[in-house]
Amino acid sequence: MFSLSSTVQPQVTVPLSHLINAFHTPKNTSVSLSGVSVSQNQHRDVVPEHEAPSSECMFSDFLTKLNIVSIGKGKIFEGYRSMFMEPAKRMKKSLDTTDNWHIRPEPFSLSIPPSLNLRDLGLSELKIGQIDQLVENLLPGFCKGKNISSHWHTSHVSAQSFFENKYGNLDIFSTLRSSCLYRHHSRALQSICSDLQYWPVFIQSRGFKTLKSRTRRLQSTSERLAETQNIAPSFVKGFLLRDRGSDVESLDKLMKTKNIPEAHQDAFKTGFAEGFLKAQALTQKTNDSLRRTRLILFVLLLFGIYGLLKNPFLSVRFRTTTGLDSAVDPVQMKNVTFEHVKGVEEAKQELQEVVEFLKNPQKFTILGGKLPKGILLVGPPGTGKTLLARAVAGEADVPFYYASGSEFDEMFVGVGASRIRNLFREAKANAPCVIFIDELDSVGGKRIESPMHPYSRQTINQLLAEMDGFKPNEGVIIIGATNFPEALDNALIRPGRFDMQVTVPRPDVKGRTEILKWYLNKIKFDQSVDPEIIARGTVGFSGAELENLVNQAALKAAVDGKEMVTMKELEFSKDKILMGPERRSVEIDNKNKTITAYHESGHAIIAYYTKDAMPINKATIMPRGPTLGHVSLLPENDRWNETRAQLLAQMDVSMGGRVAEELIFGTDHITTGASSDFDNATKIAKRMVTKFGMSEKLGVMTYSDTGKLSPETQSAIEQEIRILLRDSYERAKHILKTHAKEHKNLAEALLTYETLDAKEIQIVLEGKKLEVR
């Protein structure tokens, strides 16, 4: 614009009334402008032409005289309304639409010089020279700046480009404000009117545009919406009618092209109209059909969503996975007591103390005792751990909360810890109560440093804090059940969290008898059924397996059309569980059947003539499960420990099948049927050497991880295992050579009857004949 040391502030508010008062006041009298007394002589302090005052001092004097109100109010040109009406009107119209902040109005152009009507202003006696002199004093001048002692008196305004900042602005202001043109070729009033059209472009805008008036913003928005609403109907109307004339013209043109007589033109138009109406009716019918189809699909969709939400399984899953605050509902176990638990008397006795505490806590607290916080049930699968927990809740008649360890953690981080908090919060609100966590090892496993699962420890940490943290949980008993107690974290199984650890073993003969009686009372069975005989033949069966045995017998009796369950059905179900289901549809040729008969009879001969081997239960060449034959061995009594002789006898029995094939068919015709037998024998020999300390060379030292041992030690272990297997093979070969006749008779009996029990095997080995079935 000007030199960078100049200060230009063209936005000046000069009310029109002040200008008129200044014109009417005599020369030697004072004028009041905005409440400030200013002498006219002071206004007429004109600087000689050869020494133009600086723009800075003149503008400062101008501000002092006129008492400027505010800069940028949108009224900069209002004081000169009478001098140039048309440009001022346009400027006022542009400025009235702006708000109270600085908005740059659009520049306008003055095509002709403004005309002065002094008569309307009452200034007919004033001369043009006086008016020019007065306006010249009122307007800021542009001249060379003075030397200023303080830099605070100078305002530096950045131009719109680096070129203007460095070299100055070469626009019309520089030309009009030069000394020669400004003083000799134009008057001040004419110059300012000519420059007025460029001033809005150079108005300095201060402030933040984000603080615009909300009222004006809403008003402008509503105006734009109104304009859009006014434009839209006319646009749509024009869009719809844009081709109507052409359609009419095309119809007339069509009639002319077809040379339709004028007498038939009306009929043509009528037919065209009828066809058009029919097409519209067809279109309307199609639209109605589509509308009905959409409505039907929408209703079906709503019913489908409603049905999914009402589905119990889906609703529960949705309920438990949508949020962290899943509801916890207690279950009353009034129909389950300790009478339903059979075969685990020691475990029942331990838990009855807890039930007594829940029923009568004062009996224990009066002596200073505290309720145990946690009870850990440990045992193999199917021994009744969950049933014991339900019996505790049923006997104590308290709320029972059930949760599985795998239900806590999901795909979201923090869900497991949140559900632990919700579970214990609900339990504390309903204390005294029982919380049963099944499969505790899935949530309470040992914590490890793993970068792959950094958040997996949150759930167990929350469980530890809830069980024995800063806040006590009086009246809440936690019962946990697991099949792998060695996998639990040490902080979880310490006293204070799980105070009691109850082992739930497999039932013994007495326990199996009680369990069989309990489940037999639920079905119809013959009086000849002896539960003790079945119990002796089901060594190692758990409570769940015994329940399955009775259920399979009932199903077999129903299939055979019997009214009661007999021993035959119970034996059938026992063999089905021990040896697998029969595969009678399999067709086996005589050669393979003969090999199988001699193979299975070899196992039976070794088991029968070895002193410490388990007694034979049944032998069969009927395909069962993955095998072509099977010999079932059952101990007469429960075995709590096994001797070295018993382990060697098991190895000898396993070797009997391959030895029989070698002796009968030769080494070139041995089969792969002995692979599982060798696996079993190798496992027994390896445990004898590495765990049981039954090797004379290696002694009683155990070797848990053979991969970390020295090559010499590994070689010694392998040598000892090889010796045990070789000796077992030789013993089995000696027995079969000694009892070759009995071996042959038993194989022929198996080929004839397919299945033989223990008594029938004994009859055959004694040289007697079996009764015809």
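Cβ atoms are placed via backbone N, Cα and C, with glycine included.
Per Swiss-Prot, the features are as follows:
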type	residues	note
TOPO_DOM	1-295	topological domain 'Mitochondrial matrix'
TRANSMEM	296-316	transmembrane segment
TOPO_DOM	317-773	topological domain 'Mitochondrial intermembrane'
BINDING	V341, T383, G384, K385, T386, L387	ATP binding site
BINDING	H599, H603, D677	Zn(2+) binding site
ACT_SITE	E600	active site
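Close to the recorded ATP site, the chain also has V344, L377, L388, A389, V504, G543: residues not among V341, T383, G384, K385, T386, L387 whose Cβ is within 8 Å of the site's Cβ mean position. The 10 Å shell around the Cβ of the residue listed as 'active site' contains 26 further Cβ atoms across the protein chains shown. In sequence order, A619, V631, V653, S654, G656, G657, A660, D677 make up the list of same-chain residues 6 or more apart from H603 (Zn(2+) binding site) whose Cβ falls under 8 Å from its Cβ.
Counting other Cβ atoms within 10 Å of each Cβ, the lowest count among the binding-site residues K385, H599 belongs to K385. Cα-Cα distance from H599 (Zn(2+) binding site) to G384 (ATP binding site): 39 Å (rounded to the nearest whole number). Here the binding-site residues are T383, T386, and the one whose Cβ sees the fewest other Cβ atoms within 10 Å is T386. When pLDDT values are averaged over the topological domain 'Mitochondrial matrix' (1-295), the model yields 54. Candidate binding-site residues: V341, T383, G384, L387. Nearest to the residue listed as 'active site' by Cα distance: T383. The highest number of surrounding Cβ atoms within 10 Å, among the binding-site residues V341, L387, is found at V341.
Around the Cβ of D677 (Zn(2+) binding site), a 10 Å sphere holds 19 further Cβ atoms from the protein chains shown. Cβ atoms within 8 Å of the centroid of the Cβ atoms of H599, H603, D677 (the Zn(2+) site) belong to the same-chain residues E600, G602, V631, V653, S654, G656, G657, R658, A660, G673, A674, site residues excluded. Residues near G384 (ATP binding site) in space but far in sequence (CB under 8 A, at least 6 apart, same chain), listed by position: V341, G343, V344, A347, V504, G543.
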